[in-house]
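Per TrEMBL, the features are as follows:
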TRANSMEM  25-43  transmembrane segment
TRANSMEM  55-74  transmembrane segment
TRANSMEM  80-103  transmembrane segment
TRANSMEM  146-164  transmembrane segment
TRANSMEM  176-193  transmembrane segment
TRANSMEM  200-220  transmembrane segment
TRANSMEM  232-251  transmembrane segment
TRANSMEM  263-286  transmembrane segment
TRANSMEM  323-344  transmembrane segment
């Protein structure tokens, strides 16, 4: 047992209530990041979160993400597809250019495939095995994807503090259904959504499995019943996100990748800025807040994005655009060697 959790858990809860009382956005996520990050940095060791706890917490996040979809008509969701494809292609193009620059700056130390896979926005957990299968350096990809995920996850709760939230924002827990059978159904989806998603080969099954299952189940429920989880489940999910982000802030992890940090952080900052710029036309076209548009175009950290989206009262555009881009990212990753051969036909394999 890691006894650091005896300090981190109560500290996270106390800070969470304090931040919530102060009306700090993403209060529970920030509280968990502060508590676990401090413990990890002081002890100079990672703080891995229990895989079963994190698994069911991701399930709750998937359910929360699906709730706006269940409350929206198909015609409302379809209208996001053209913009979702446009934003997805634009953000992937920026990340591909960044990945190729990263490979070039390493002067042949890594391949183009490795550089691109290390910066693709989304599906971080799937990129290392894809890299291994495609012959890229999966260790480099895993570390760079970790840094991208860390930067996005830590910066999101801080940045959204300065953004106006949707005017209809309310505490989602007020709408949570307290019927016992609905609570059991929600817990079951959170627990079994991932393995079911894996069997159905759904991308990023840990989140998308519960999303798909929640949407399907909602069609069978009465109109006055929602799948919104209870507040205790929401807090549990938010804490898990913060602990995963903060617990990875230990110095040994960063030292391991020290030589590439300047170039990597510079390109990650470029990608963050580009995606933040893409949020402007999304905000204008759909007449939504920049908060919603920024989350919809954020480069990855899907679980944190969806958690913040749920807490901030964002509409279905966030999950819709993120899902569309995720599908595009996984498609590009799977066919990356063919894409690069087409782009660099007649040139060398590595830069």
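The backbone N, Cα and C atoms fix where each Cβ goes, and this holds for glycine too.
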Per Cβ pairs under 8 Å, the stretch of 25-43, 146-164, 200-220, 263-286 packing most closely against the transmembrane segment (55-74): 200-220
Cβ-based contact of the transmembrane segment (263-286) with the transmembrane segment (25-43), 3 or more pairs under 8 Å: no
Sequence-remote partners of the transmembrane segment (176-193) [C-beta within less than 8 Å, at least six residues beyond its ends]: 55-57, 59-60, 62-63, 205, 209-214, 217, 225-231, 233
Most Cβ pairs under 8 Å with the transmembrane segment (200-220), selected from 25-43, 146-164, 323-344: 323-344
Cβ-Cβ under 8 Å with the transmembrane segment (323-344): same-chain residues at least 6 beyond its ends: 80-81, 84-85, 87-89, 91-92, 96, 112-113, 116-117, 120-123, 126-127, 130, 134-135, 203-204, 208, 211, 302
